[in-house]
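Peer 1: First the structure, then my questions, so here it is.
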């Protein structure tokens, strides 16, 4: 008796969940790396605003932590079951997710990678993302112009070994600085003589601070700091301030979150390359709705743009001020 | 009178210290900046958060329990104290007290579930780890809390001893290690913790209220995590909802490396400080050498297995 009642309840709940499948509005799934990173929070916000405007239904899911491939696989399966015709995904593991994406596409689902590509990149129908190498080049150019020929002693606070986004920003920065670097496809980190310390920050403020403290122990004369993102930059600034070196050291970063732009305004970070998660998601949803209506699929790579934000412009380098940055930033304003 | 041989510390006690000395010796050969007062002050600052969590964790492991929630509770404490201070403009001291109340409250819940419902600590804290993480994210809306009053970050500031800048937070950590070491060694309530860890049934039969001892241990551990929250806030200058994720297991690693037995009843709290220092020394030394952080993780993994193996073998040997 008890058991059949439970079965009934399950059936009722399942029907309730399955019902929206029959609705006319196209269903679009968004799978981010985590639910908690402000970058992905903003991405979800952009997707749901666009979905509302276009009359689509948005389902969202995420892995538990960055790198949780199994969580993303489950999310793909659930979204196909829920009737999604388009899935937007920021792959946590660029290779491990490929078989699941292949299965989804075999069922006629349009899959678009947002923010980071899969390996191989053509495993998805299209990619909407920041050009991370270019983001690095922009801050490299800025740092070079600011240094105006003064000999540079550089510390790089990277993400963690082997991550393509980390390598692209790092190598892009060195390229922009006019140093010996590797190309945009490399997953290795270039280390020319001017780079006196390389440390992993995992994109985290506390670890960024620890990494910078250790770099300053190694070489107190560091005068340029490249950071993978703004939390790492904030950590680096803390370390510099404690060592009484916050004045003479140039800190540059990538991301463009609201806190990061505030730190640019406050002089903690000299310049940052701002990327646009909201735009990535909105473009993805628009493409999904277009596919549902006309069957037209997007293809290849679409650059969602990157802008150099600096409190002080330098001659010969195109940058926008922090007000522009604040208007377009993500996270708490 | 015990013979002089029995007065000597056991391998389990000396092992971690020897490992730390070997690591320090190695790194001072590799890098001339390593063996300086400034660098050691720095390493102490880098390990102070894990070090304080490890005090609470040591207490729990001494009772043959384990606390998986430690890092997440620490993160929650940090978010609560910074948000209370920042959003409601409450005086830093009261805001910090609110954070302590939350972390001690989590300790109380862990303790009650372990003692009253007799759930294994592993399962209880697996649950509260997730609960604390979720509350942290919901309460902070996954946003870092900035612009804190100076009173909250005071422990991150430094004073100088000669040439060396020392953070107030590290002094607090060392003082808390000293106090907990004396308490565990010299007082009846401290000894009861070892007794409960060694043989709870025998301890109960001698008339000691084992439940009360356990409950006290979990609440005290919660308070330690509260102090760790404050140190974390002071060090980074922000309330970070994503803090505690690596500290969670790092603290257990420090306790195990420090020679405290996972089977309960044996260990010295000062060992956990050594254990935390070992991890900090590797991170610092490898950066000075220009080696990838992955090697630090590799070496830590090997050391953890060595530490537990030593404990297990010495137990079989009848010590």
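Placement of Cβ uses the backbone N, Cα and C atoms for every residue, glycine included.
TrEMBL lists B:12-29, B:35-55, B:93-114, B:121-139, B:166-184, B:213-234, B:254-279, B:286-309 with the feature transmembrane segment.
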Peer 1: Within the same chain, where does the transmembrane segment (B:166-184) have neighbours whose Cβ lies under 8 angstroms from its own Cβ atoms, ignoring anything closer than 6 residues to its ends? I mean 6 or more beyond.
Peer 2: 41, 44-45, 48, 51-52, 55, 58-59, 62, 154-160, 190-191, 193-194, 224, 227, 231, 234-235, 268-270, 273
Peer 1: Between the transmembrane segment (B:121-139) and the transmembrane segment (B:93-114), are there three or more C-beta pairs closer than 8 Å, counting only pairs 6 or more apart along the chain?
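Peer 2: Yes, since the transmembrane segment (B:121-139) and the transmembrane segment (B:93-114) share at least 3 Cβ pairs closer than 8 Å, they count as touching.
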Peer 1: What stretch of B:12-29, B:35-55, B:213-234, B:254-279, B:286-309 shows the most Cβ pairs under 8 Å to the transmembrane segment (B:93-114)?
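Peer 2: Per the Cβ count, the answer is B:213-234.
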Peer 1: Sort out the residues at least 6 away from either end of the transmembrane segment (B:286-309), same chain, that have Cβ-Cβ distances under 8 Å to it, and list them.
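Peer 2: Sequence-remote neighbours of the transmembrane segment (B:286-309) are 15-16, 19, 27, 30-31, 33-34, 253, 256-257, 259, 262, 275, 278-279.
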Peer 1: What parts of the chain pack near the transmembrane segment (B:213-234), using Cβ distances under 8 Å and only residues at least 6 beyond its ends?
Peer 2: 48-50, 52-53, 55-57, 59-60, 62-63, 65, 67, 70, 73-78, 80-82, 96, 99-100, 102-108, 110-112, 114-115, 148, 152-157, 169, 172-173, 176, 189, 192-193, 196, 203, 240, 243-244, 247
Peer 1: For the transmembrane segment (B:12-29), what are the same-chain contacts with Cβ under 8 Å, counting residues 6+ beyond its ends?
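Peer 2: Result: 35, 257-259, 261, 266, 268, 271, 274-275, 277-278, 281-282, 284-285, 288-289, 303, 307, 310-311, 314, 319.
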